[in-house]
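Engineer: Input: one structure, supplied below.
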Amino acid sequence: MNATNETMLFRPSWLSVESWGLLLLVICELLHAVMGVFLKLCSSSGIPSTELVLVRSLVETVFILTFLCTTKPKSVAHGGAHYEYVSNHNAQLRRQAEGDGETGMPESMESSTTTALLPQRPLLFTPFGGTRKVQKIVVIRGIVGGITFIMYFATLKLLPLGDAITLLSLSPTFTIFLAAMFLGEPIFPSHCVATVVSLAGAICIARPSIIFGVDEGNSWIADSPYYWVGYITAILGSICGAGAMALMRGAGTMGVHTLQLVWSFLVFSFIIAIVFGHMEWVERIDGVWSMHRDPKILMYLAAMGLTGTAGHVMLNFAARLAPAGMGSIVRSSNIVWAYVFEVVVFQQVPQSTTWVGVLLIFVSLAIIAFQKWRDDREVAAVDEGYRLLTDGGSDDDGAGADETRRRGENEAAPSMIQETENGGIS
């Protein structure tokens, strides 16, 4: 089902497609904030971060398996050799039905006695991609994303909240340089300015103890003998998160299906959580797994998994509908939701520096959105120029227009991919 059909099913008639996408992003960020509340409640109950990752992965796996069983591939990258065989076979039968004797099929297929159209197998048969090249990047992305997931949960558990947010905010910085090194993406001055401004905003909002000193609200965490491990997991999580985003961008240019990327992420998060969770040195730092029978804890776990899954699925849907620039700004609503819950649930009133930080974050997002808007205008202008030239022009010019359009799509995709996979936490 394409995006147009999906919007026809779910979009209210009085909303445009882009407005519907932006509204879904607001709801998505609300769900992620609610998930964060339940995550903090679970971790404060003594549940190891690796166990939380396992529960979170299991809940989403149920839904993703359902989608894999019902979604059909649309390219060789999705379905592999079987997709290609079925597509060619069905095309041959259609041509024969139309009286076209030139099948252009391999001899093995021309001699086939099958006369019925063959159905495509669902993505469940190729959950990691349809070709070796695709499978390689999907598996690597899953491993890196799984490690990022573990590092994120561990950082929130081990560090004061301020230190965790500040250090995890370094991920976009690493992403810019990794994408430039391995994907050849340009680095604009605005990217560097936005990174510095957003990091300054995160520092003002979080008030990390390494800069502002230990606050009374988080001193009990800093007093832990293993709190220093949180700084290591934060840096590793930022680097791995940047790597996961770069891999997602590369996968996007190869036509990898979103469900295959999410499935790989869940599978390796599940495996890594079990492996790490039962290591002796991890148990000393993070805690020991146990069966939970307390109805309150079970409710927290279920709510964390369900809200996180709903937010993740909605984000992947909304990101295709909302304009990238405005989408980046709207996603900043998670800051508002987070502080609403911070006051209502945890009874913590933001300090004056918090509002300075919020302003800086919005400024950084506005810089990114403006750069994206300029890029889109330039691509659209070039594309329009090629279109005018190819009205009655040669096929070569048409190929140039197609290439320009593809290049513009590839430049636009990373923004949404980065939003989707920011730290792998959703």
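The backbone N, Cα and C atoms fix where each Cβ goes, glycine too.
Caution: TrEMBL annotation is automatic and unverified by curators.
Pasting the relevant annotations from TrEMBL:
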type	residues	note
COMPBIAS	417-426	compositional bias 'Polar residues'
DOMAIN	136-206	domain 'EamA'
DOMAIN	229-369	domain 'EamA'
REGION	389-426	region 'Disordered'
TRANSMEM	20-39	transmembrane segment
TRANSMEM	138-159	transmembrane segment
TRANSMEM	165-184	transmembrane segment
TRANSMEM	191-214	transmembrane segment
TRANSMEM	226-247	transmembrane segment
TRANSMEM	259-277	transmembrane segment
TRANSMEM	297-317	transmembrane segment
TRANSMEM	329-346	transmembrane segment
TRANSMEM	352-370	transmembrane segment
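Can you walk me through where each of these features ends up in the structure?
Structural biologist: Model confidence over the domain 'EamA' (136-206) stands at 77, taken as the mean pLDDT rounded to a whole number.
Counting only same-chain residues 6+ beyond the ends of the transmembrane segment (138-159), those with a CB under 8 A from a CB of the stretch are 39-40, 43, 48-50, 52-53, 56-57, 128-129, 167-168, 221, 224, 226-227, 229-231, 233-234, 236-237, 240-241, 243-244, 247-248, 251, 256, 260-261, 263-265, 267-273, 276, 285-286, 421, 423-425.
Same-chain residues lying 6 or more positions outside the transmembrane segment (259-277) and placing a CB less than 8 Å from one of its CB atoms are 48, 50-51, 53-54, 56-58, 60-61, 64, 67-68, 71, 78, 123, 126-129, 134, 138-139, 141-143, 145-147, 149-150, 248, 251, 283, 286, 289, 312, 316, 424.
With a cut-off of 8 Å between Cβ atoms, the residues of this chain six or more beyond the transmembrane segment (297-317) that come close are 6, 24-25, 27-29, 31-32, 34-35, 38-39, 41-42, 45, 47, 52, 55-56, 58-60, 63, 258, 262, 419-420, 426.
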